[in-house]
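K.L.:
Once you've had a glance at the structure underneath, I'll fire off some questions.
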Amino acid sequence: MSLDATWFSEPHELSGSAISFRIKGKLHEEQTPFQHIEIYDTTDWGKLMVIDGCVMLTTRDNFLYHEMMSHPVLFTHTSPKRVVIIGGGDCGTLREVLKHREVESAVQCDIDERVTRLAEVYFPELCESNGDPRAHLLFDDGVAYMRNLEADSIDIVIVDSTDPVGPAEGLFNEAFYQSCLRALRPGGILVQQSESPLVHLDLIKAMRNAMKNAGFAHLKTLPFPQPCYPTGWWSCTMARKHLDLSTFRERGAATKQFPTKYYNVDTHKAALATPAFVTEAIGD
């Protein structure tokens, strides 16, 4: 069936499939110095943000991504006080990070300020912690920011980026990972969104090799559902120089004093269970 103007569709050549949303109308469109941004109002998924033709988030299911990009890594670290988010302009990951009372500082560095300003208008629920005194919003090149960051100064780096093309391309190489490792304190952890295990295994393997070459000895790729992304299944990859990543503060996760829609002890454990075909491909 062919789709008419009442639908937005993102074709995905690698998987030979497409993701489509029935829309009420387009709310906003602009070309920033870095990328093309569109905002749609959908009939069933709330607001939809599209960047360079690729779905970034919807009101309905963004909690899956934002929770899995933040809570597993924060509960894996023994005492996460200083967090840096590279990318994450919609501020959903920042909101989840700041739910953790032990976090003293969370810096979000996104190259495109317009993503944040549009999120404030169309996804205000994601930006409700932007005024938190622990939050620091920077609009700059994340690669340069990490390269210039003081050594041994942070506990967690969350790379909440778009796909590894255009402005985000420099966030997926060994030099960037070396900058992250240098900035992390002992026991520090890097986590990065790592695309779909169903169709991006080559990319995941290359990313993990670059992390290893940069000095991260322990890696763990965590899959999770994400209906609005190609294949409906996504992942993030955690990396650490020392200490295993398969254990976490289970008691803390079980007694957390804040609400989540997807993340809990069981979903954390489930994400640590690597599917057989992924293990065969990447050795996790």
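Each residue, glycine too, has its Cβ placed from N, Cα and C.
Keep in mind that TrEMBL annotations are predicted by a computer and have not been checked by a curator.
TrEMBL lists 5-241 with the feature domain 'PABS'. Feature annotation from TrEMBL assigns S-methyl-5'-thioadenosine binding site to Gln35, Asp110, Asp141, Gly142, Pro167. What TrEMBL lists as spermidine binding site is His66, Asp90, Asp160, Ser161, Thr162, Asp163. What TrEMBL records for Asp160 is active site, proton acceptor.
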K.L.:
Among the binding-site residues Asp110, Asp141, which residue has the largest number of other Cβ atoms within 10 Å of its own Cβ?
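P.N.:
Of the binding-site residues Asp110, Asp141, the most buried by Cβ count within 10 Å is Asp110.
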K.L.:
Give the number of CB atoms, excluding that of Ser161 (spermidine binding site) itself, located within 10 Å of its CB.
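P.N.:
If we count other Cβ atoms within 10 Å of Ser161 (spermidine binding site), we arrive at 22.
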K.L.:
Given the model, what does the mean pLDDT over the domain 'PABS' (5-241) come out as?
P.N.:
95
K.L.:
Under a three-state reduction of DSSP output, how is Asp160 (spermidine binding site) classified: helix, strand, or coil?
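P.N.:
In three-state terms, Asp160 (spermidine binding site) counts as strand.
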K.L.:
Helix, strand or coil for Gly142 (S-methyl-5'-thioadenosine binding site)? Use DSSP.
P.N.:
helix
K.L.:
Express the distance between the Cα positions of Asp160 (spermidine binding site) and Gly142 (S-methyl-5'-thioadenosine binding site) as a whole number of Å.
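P.N.:
Between the Cα atoms of Asp160 (spermidine binding site) and Gly142 (S-methyl-5'-thioadenosine binding site), the distance comes to 11 Å.
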K.L.:
Give me the long-range Cβ neighbours of Asp90 (spermidine binding site): same chain, 6+ apart, Cβ under 8 Å, in sequence order.
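P.N.:
Non-local contacts for Asp90 (spermidine binding site): Met49, Met56, Leu57, Asn62, Val115, Thr116, Ala119, Phe123, Leu126.
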